[in-house]
Amino acid sequence: MAIKKFSSLLLPLLMVLALVVLPIISGRTQEHPCQDYRLGCKSRDVCNAKCLSLGYVKGGDCVTFAFPICCCKINFGFQDDSPISSPIFTD
């Protein structure tokens, strides 16, 4: 009897857990969208210059996960000129 009651509560509990945990996990991966990275980040200026020289228009930044890395920011230039993301509407 107790096993049936436990198993009937287990599925809804797992579903609620999945609904709570999945957005947290997916949100954490988008905090620092790196396209390219180099191990060891000594300064932001050096990292930014390195990423700009590699062709990343938005440059780069030092990010620490388990150790500091130089994270080159993803180029989403086409989204900057999108009329949906622009707060100014012109006719």
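Glycine too: its Cβ is placed from the backbone N, Cα and C atoms.
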Legend entry - Per Swiss-Prot, the disulfide partner of CYS41, chosen from CYS62, CYS71, CYS72: CYS62
Inset, instruction - State the disulphide partner of CYS70 as given in Swiss-Prot, choosing from CYS47, CYS51. - result: CYS47
Inset, instruction - Sequence order is fine: just name those disulfide-bonded residues in CYS34, CYS70, CYS72 with a Cα within 10 angstroms of CYS51 (disulfide bond). - result: CYS70, CYS72
Inset, instruction - Go through the disulfide-bonded residues CYS34, CYS41, CYS62 and tell me which ones have a CA within 10 A of the CA of CYS47 (disulfide bond). - result: CYS41, CYS62
Inset, instruction - Using all protein chains in view, find how many other C-beta atoms are within 10 Å of the C-beta of CYS51 (disulfide bond). - result: 24
Legend entry - Residue with minimal Cβ packing [other Cβ atoms within 10 Å] among the disulfide-bonded residues CYS62, CYS71, CYS72: CYS62
